[in-house]
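Listed in TrEMBL for this protein:
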type	residues	note
TRANSMEM	22-50	transmembrane segment
DOMAIN	40-294	domain 'G-protein coupled receptors family 1 profile'
TRANSMEM	57-77	transmembrane segment
TRANSMEM	97-119	transmembrane segment
TRANSMEM	140-158	transmembrane segment
TRANSMEM	204-229	transmembrane segment
TRANSMEM	241-264	transmembrane segment
TRANSMEM	276-296	transmembrane segment
Amino acid sequence: MENNNQTSTDFFLLGLFPPSEIGLFSFIFIVLIFLMALFGNMSMIIVILLDTHLHTPMYFLLSQLSLMDLNYISTIVPKMASNYLFGNKSISFIGCGVQSFFFITLAGAEGLLLACMAYDRYVAICFPLHYVIHMRKRVLVKKVCVLMITGSWIMGSINSCAHTVYALHIPYCRSRSINHFFCDVPAMLTLACMDTWVYEYTVFVSTTLFLVFPFIGIACSYGRVLLAICRMHSTEGRKRAYSTCSTHLTVVTLCYVPFAYTYLRPRSLRSPAEDKVLAVFYTILTPMLNPIIYSLRNKEVMGALRRMIQRICFLKM
């Protein structure tokens with residue numbers, strides 16, 4: 001009797017992969033992306049930590065973005081892969097809550113961190129003299145960076161606690177099968193036996209606070225940055241500033257757009273299949289693409305990678 005009661009509280013994730021050759025191919029593809037994301041983000045963290053040339057606010061924030069991406073994709077893919085491999089789609093009630101908490105925390109913190117990175121570029125390009133003066137005060141710069149990062153984590157955690165606690169305390173009286181590949185709270189609420197319109201409103205408010213407002217701030221910052229770049233007399237400086245800003249805007253677009261499109265729509269306009277496809281972008285592809293975009297389009301990061309590889313080869317010899 002006890003076991004039956006425990007089993008009845010479990011959720012079942014219907015997953016992403018169909019039981020066919022296409023599903024197997026998709027599974028292998030996702031696992032390869034996961035491994036690339038792990039390697040890419042860990043490499044970025046190690047390179048920024050070890051290379052003193054990259055000990056600046058921009059790269060310190062970038063290392064935190066890599067850390068968030070590393071945790072982000074690790075929250076989703078391992079459980080999804082084990083469910084597919086072992087044919088066991090169940091996830092415990094507490095496990096679902098834990099996965100949901102980390103997902104929402106990391107999503108919110110990353111949205112705020114990207115806004116902090118945009119602000120850093122705005123100050124560096126639009127007020128270069130002030131930026132250089134502040135850079136010499138290393139203690140002050142570190143404090144500001146730590147405050148921005150800590151604030152992102154704390155605000156993301158508070159938002160996540162509110163959503164997760166709500167999801168774990170509402171009654172579920174329908175099928176426990178979640179039509180998703182992770183415990184996404186809106187997908188869980190389709191199984192609730194009560195009206196959840198109030199919660200759907202809070203999802204809209206949270207998405208606005210953690211995605212729409214930061215995105216507007218980023219757009220305004222880069223509008224000013226583009227004007228500053230156009231006024232630059234140095235062609236090399238203009239190219240470098242444009243490269244840095246276009247890189248960041250690419251990451252912002254990949255992260256914000258599918259996420260906002262998913263959670264700002266009312267439930268009547270959403271479909272489980274479309275939500276899964278969009279979720280692949282912001283939970284799996286973006287954490288893999290971020291280190292590639294920032295490394296391949298950044299000469300300083302590529303130079304640091306070369307120095308680290310040369311150091312490793314020299315030690316082996």
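Note that Cβ sites are derived from N, Cα and C of the backbone, with glycine treated the same way.
Since this is a predicted model, take the numbers as computed values, not measurements.
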Next on the checklist: As a test: from 97-119, 140-158, 204-229, 241-264, 276-296, pick the stretch that has the greatest number of Cβ pairs under 8 Å with the transmembrane segment (57-77).
Outcome noted: 97-119
Next on the checklist: Applying the under-8 angstroms CB criterion, which one of 22-50, 97-119, 204-229, 241-264, 276-296 scores highest with the transmembrane segment (140-158)?
Outcome noted: 97-119
Next on the checklist: Please compute the mean pLDDT of the model over the domain 'G-protein coupled receptors family 1 profile' (40-294).
Outcome noted: 86
Checklist entry - Sequence-remote contacts (6 or more beyond its ends) of the transmembrane segment (241-264), Cβ cut-off under 8 Å? => result 58, 65, 107, 110-111, 114, 117-118, 121, 125, 186, 203-204, 207-208, 211-212, 214-215, 218, 222, 225-226, 228-229, 232, 270, 275, 278-279, 281-282, 285-286, 289-290, 293-294, 297-298
